[in-house]
Amino acid sequence: MTREEIVDIFTATGAMLTGHFRLTSGKHSNRYFQCAQVLQHPRYTERLCHELAQRFAGQGVQTVIGPAMGGILVSYEVARALGVRSLFTERENGKMTLRRNFTITPGEKVLVVEDVITTGGSVAEVIEVVRNLGGQVVGVGVLVDRSNGQANLGLPTEALLTVSVETFTPEDCPLCAQGIPTVKPGSRQV
Ligand SMILES: [Zn+2]
């Protein structure tokens, strides 16, 4: 897939919004991502995850794993494309863990995936879970890296889309300066 095709899917489904957003943090931004909007369409999810899977083909991946919630569908579809198992981690009392009798065998080659990374914090925790069980993490695959390339996980990382999302304080916001009204992401106006 070309970058243009990928951007088109994110835009057409409403997963990538451009505008003037008022974030929960109080900051303003020019872009907003809601990956669930693309993941609600199985045929797009399948295409995107197939593309991501291709980038790790031939590396002997035995298992794909992602953090709940966003990583579950991505893990499942990437695993389907690679013909391997799909697992997910989830938080228990705030700590990322592997539950539900899921297992990782020492030496097992594992690909870690996620829908969107901002700081890479959740992905780093999944990597630690896998390594603590003796698994060998071969790389990280994400649909969207919106960290501006700042999330360095120390592993080969593939992102279908790398974007810079600018954030501003209301005082310094160029969109405010232009008198453009803000919208709160997730509200019906968006
Ligand atoms: Zn603003």
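Keep in mind that glycine also has a Cβ here, set from the backbone N, Cα and C atoms.
Note: TrEMBL annotation is automatic and uncurated.
Residues annotated as 5-phospho-alpha-D-ribose 1-diphosphate binding site in TrEMBL: GLU114, ASP115, VAL116, ILE117, THR118, THR119, GLY120, GLY121, SER122. Cβ environment of GLY120 (5-phospho-alpha-D-ribose 1-diphosphate binding site): SER147, ALA151, ASN152, LEU153 lie under 8 Å away, each six or more residues apart in the same chain. DSSP assigns GLY120 (5-phospho-alpha-D-ribose 1-diphosphate binding site) to coil in the three-state reduction, placing it in neither a helix nor a strand.
Positions annotated as orotate binding site by TrEMBL: THR118, ARG146.
The domain 'Phosphoribosyltransferase' annotation in TrEMBL covers 46-150.
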For the domain 'Phosphoribosyltransferase' (46-150), mean pLDDT (0 to 100): 96
THR118, SER122 as binding-site residues, winner by CB count within 10 A: SER122
For ARG146 (orotate binding site): intrachain residues, at least 6 apart, with Cβ closer than 8 Å: ARG31, PHE33, VAL116, ILE117, THR118, THR162, VAL163, SER164, VAL165
Cβ neighbour count within 10 Å of GLU114 (5-phospho-alpha-D-ribose 1-diphosphate binding site): 24
Counts by DSSP class (helix H/G/I, strand E/B, coil) across the domain 'Phosphoribosyltransferase' (46-150): 34 helix, 35 strand, 36 coil
